[in-house]
Structure formats: structure tokens, C-alpha cells
Amino acid sequence: MANVADTKLYDILGVPPGASENELKKAYRKLAKEYHPDKNPNAGDKFKEISFAYEVLSNPEKRELYDRYGEQGLREGSGGGGGMDDIFSHIFGGGLFGFMGNQSRSRNGRRRGEDMMHPLKVSLEDLYNGKTTKLQLSKNVLCSACSGQGGKSGAVQKCSACRGRGVRIMIRQLAPGMVQQMQSVCSDCNGEGEVINEKDRCKKCEGKKVIKEVKILEVHVDKGMKHGQRITFTGEADQAPGVEPGDIVLFVQEKEHEVFQRDGNDLHMTYKIGLVEALCGFQFTFKHLDARQIVVKYPPGKVIEPGCVRVVRGEGMPQYRNPFEKGDLYIKFDVQFPENNWINPDKLSELEDLLPSRPEVPNVIGETEEVELQEFDSTRGSGGGQRREAYNDSSDEESSSHHGPGVQCAHQ
């Protein structure tokens, strides 16, 4: 069974979420014949449900939205309007104005506007230390000159073309017994449901009822906030007549750092050391995210292997809303070996005397063959394999160029 966020529309058609296009069409035709208003006058609402479900699921883009996000995905992807709002209310129990999980209507019964989403890019330093910054946004506010009416009192009239719904609904017959309900934004009122004569329109907003205004938000980035976390400003989104403003929601986007990588409340870094440091101990200093100079010491006699990881407790990220508790810092060591011929050959024996003894080489009985180790570049692949591939390509080309299908070169 397909993994989907909601199955209501599939249930209406009586098909599983993984149904194919043909299965959807077959189910729709069967139900449309059964509940068509001409055949069953009392099943008008049921027929609308069936038509709506098929319209969504037969459209690949709408179906993907619905499968991934359910009702919420359709609410986001739809422009709203009277007719569509009615069918949403009937099927899902709410209007189109419940954007991003918010209720379609507020407690006082007013419709609720859409939320405004904005990314907020934050450095790792600011997420470690916390920061207060100002963000400038442009939003719609009710026109003060006409109090959001768009014109003088009594000038606003219901659009006769769409009867005040803002959309026009059309039913198109696809085949005998198969129809599709479609809707489009009313061109006469641009989806407003209302019209104002040009001479009566407000001079300031030109009848649009709202004007653009710059809003300065003071944003508090708390210590320990994480990538994807939300900062919400309630009721600060666009204003519209008769609609309660939605929220401005900022999504924290953590910037990449040149030294540290974050994993929850832990930090990771890579530090390069030489062979002598790996064998004889070391000390190094690095600058932390709060500008402290941290000294790391490792005692002589304890060996650091290439790629090994050591941990510094309590030097990770502060916990969100509990900043005195911190994660850990993990340091991965990249041991840099000397270049070839870095030491005088006469000194190699002295160096070998200082290092642990070589393992004993077992005696091999029988014939042996000595081979040479060569440099290998993993990005270029195996040389032998390339030669074989080149040979095969050459043979194929020659075969296709000079002989018929299946004919091979004769051997002398």
C-alpha cells in the first residue's frame, strides 16, 4: 500500500492509494453513472464529491501534493474561492483558509488569512551565542483612506458574473456519462466577488482596499536553535477586509561553517597533525564559536591513529532553552605523513631502532614472483580495466564497421 498522508479522496472513489490512472478512471465512471443528478436527483453532493476526488487524483501535480501533504497540500496549492471552499468544507470539514495547518476560521468566526513564510539565514556563531536582529518585510495593510472598503460608502457591489463567489464553475462532458467539474477565477472581479465603478474607487489604494507597507520585525534568535526551527509573529501577515491576518513565520536556515559541522547539540571538526605529533603528543589551539581560545593537549606516549576521533565533553552547542547544558565536541584527526625521501637513507636505520620492531616475514616454500607496487589514482580507475575496455571498444567498432552482424575476424 502506498504511503500517503490522507486517503479520504481515494475512499470516495473506492480505490487504494496506489491505484493506477485506469483504475481511477474506471471507478469514477462507475460512480458518476450511479450518482449523476439526471439519474439520482438527490445525490448532488455525492456527485460533487466524486467529481472533486477524480479531478484531484487524475491530475499528477495535485495528486502528488495530496499524497505528500494531504488536505494541507491541496489548501496550499489552491487559490481558494467560494465554490472550492464549499467542497473542501463538505469533504474535510473546513474551508480553504486553513493554510499550513491553521484553522480556516478564527475563534471570532472570521476567515483567517494565509501565513507568510520567509527563510532566515543564521550563522553557526549566532545559533551558539544567540542574537537579536531586525528584518524588513513588505506586507499588505488595510487602506486607511477608505478603511479597507476600496471606495466611498455604498460603491461596492456584488459581482453579477460570479454572483459574488469570486469563481466561475463549469461542467465539461468528457464522455457519455463522464463529466468534469472545473472552476476558474472570475475575470470580471479578479476573484474578489465584488466590483467598484472606476469613478467611485479610492484614490489612495485605487480600489484594491489594501496598500503596501514596510514592516520592521525584531527577531530574537535564541541559543541552541536548530535548522528548520520556526520563529512565529502572530497576526503580522497580510491584511485583507473581513479576514483575520495570518502569521509571519521565519524558518531558520543554518549557514555552513568552515570549521565546525553540527549534529544536533554536538559539534564535529577535523584537525590535521603531523606524524611526530601523532607519535609524541601535541598541543594546539582553536577559536570556538564564542571567540574563546581553546587549548587541546594530548600527552606523549599516547598514539593518535589516522582518522581516529577524540571527544571534548561540554564544548558542543548549547541546548535550546537550556543553554547552560551543552553537547560535546568531536575532533577527527587527519595524520599527515611525510613526503617520499624526506629523510637521509643513512638515518633510516636509526629511525627504525626507535620504532616498534617489524613483524617477522614467514618463509615461503616453493616458487615466488616479486611484483612492484605503483601509485594508484582511485578517480581514474584500474589501468588494466581501462586497457581491456579500450580493446573491447576497438574490437566492437572494427566488427561493426567491416563485418556483418555476428561475423568475427579470421585468425591466421
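Using N, Cα and C of the backbone, Cβ positions are placed for all residues, glycine too.
Listed in Swiss-Prot for this protein:
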type	residues	note
CROSSLNK	Lys134	SUMO2 cross-link
DOMAIN	8-70	domain 'J'
MOD_RES	Lys39	N6-acetyllysine
MOD_RES	Lys152	N6-acetyllysine
MOD_RES	Tyr391	phosphotyrosine
MOD_RES	Cys409	cysteine methyl ester
REGION	365-412	region 'Disordered'
ZN_FING	130-214	zinc finger
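For the zinc finger (130-214), the model's average pLDDT works out to 84.
It is Lys39 that, of the recorded positions Lys39, Lys134, has its Cβ surrounded by the most other Cβ atoms within 10 Å.
Shown in sequence order, Cys146, Asp200, Cys202 are the residues of the chain, 6+ apart in sequence, with a C-beta less than 8 angstroms from the C-beta of Lys152 (N6-acetyllysine). Lys39 (N6-acetyllysine) sits 63 Å from Lys134 (SUMO2 cross-link), counting Cα to Cα.
DSSP states for the zinc finger (130-214), grouped as helix (H, G, I), strand (E, B) and coil, give 3 helix, 42 strand, 40 coil. Broken down by DSSP into helix, strand and coil, the domain 'J' (8-70) contains 48 helix, 0 strand, 15 coil.
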